[in-house]
Amino acid sequence: MTAEPIRVLVTGAAGQIAYSLLYSIAKGDVFGKDQPIILILLDIPPMLPVLDGVVMELQDCALPLLKEVIPTDKVEVAFKDIDAAILVGSMPRKEGMERKDLLKANVAIFKTQGAALDKYAKKTVKVLVVGNPANTNCLIASKSAPSIPKENFSCLTRLDHNRACSQVAMRCGVSSDQVKNVIIWGNHSSTQYPDVHHAKVNLQGAETEAYQAIKDDAWLRGDFISTVQQRGAAVIKARKLSSAMSAAKAICDHMRDIWFGTKEGEFVSMGVYASGNSYNIPEDLIYSFPVQIKNSTWKVVDGLPVNDFSRAKMDATAAELVEERDTALDFLSQ
């Protein structure tokens, strides 16, 4: 007996992250090897010819799970009865653009998409916001979709998480699956705090604290943090394009974990509603925390000890998010 197809929306579907992402979704890497999929691809009207090309290629992949592909520039088509929304499309920062202008443009986009979620999507829809500034865009989308539980919204910090994981693994000379429980706290921006105080590295079968395994506190508190914080900019500098392959992989990891849960004793990073957190982070924010996921429901990992070094970094990124939120909410109320 085949499962009913689920409806999965990807926005910014003619863009380069989507181009790296759609094949993985359509072949079953995210929602399961026996889960048929209807893919809905939303982009702006000028991108529709490009989108047609993407549709042709998806057809030409001859993927058995892909039941239908629907390209559209209309929100009422895109958001109708969807089970999952991956909101990649956003206004990118142009040369000489103030952060405030960027926020204003994105508030308009995510207000529209939030309203469309509210009106057309299933109330059980899981929404992942990727388009930057992701945390604040996610907050705006959620506030614009009051009938959908706040817990159903998250933003992508898994790319930062994977970057941190890989840096630790390379430093220890092990593969990245031997590293677990790194944490990204806060904003998906250069103020994020990649934290390895609770991370473990498997060295020749023995689980070792990351600080013990690396034995270089200066690196862990200095270059390690700035490398992860600045990695997106480094990729742009080298490729003249932003990270697409690695972003797509992180999106797959994030959504798969929401669908199937995290492993026992492991946690991952995602931007989620801060309400009720035990880390003194202001409530009305989307903030990246360590989470565990079970039955499609995330829970912030509570009670991790926080030293003064971490505290200052967690507070700094929270302060940036509060400022972003307040600016965005001003635009939202206009």
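From the backbone N, Cα and C atoms, a Cβ is placed for every residue, glycine too.
The domain 'Lactate/malate dehydrogenase N-terminal' feature in TrEMBL is assigned to 7-153.
The feature NAD(+) binding site is assigned by TrEMBL to Asp43, Asn106, Val130, Gly131, Asn132.
Taken from TrEMBL, the feature substrate binding site applies to Arg93, Arg99, Asn132, Arg163.
Here TrEMBL flags 157-331 as domain 'Lactate/malate dehydrogenase C-terminal'. The average pLDDT the prediction assigns to the domain 'Lactate/malate dehydrogenase C-terminal' (157-331) is 97.
Cβ contacts within 10 Å of His188 (active site, proton acceptor), excluding its own Cβ and spanning all protein chains shown: 29. Per TrEMBL, the feature active site, proton acceptor maps to His188.
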Maximal Cα-Cα distance (Å) across residues annotated as binding substrate, namely Arg93, Arg99, Asn132, Arg163: 25
Arg99 (substrate binding site) versus binding-site residues Asp43, Asn106, Val130, Gly131 - nearest by Cα: Asn106
Candidate recorded positions Arg93, Arg163, His188, pick with smallest Cα gap to Val130 (NAD(+) binding site): His188
Euclidean distance between Cα atoms of Arg163 (substrate binding site) and His188 (active site, proton acceptor), Å: 13
Neighbour-count leader, CB within 10 A, binding-site residues: Arg93, Arg163: Arg163
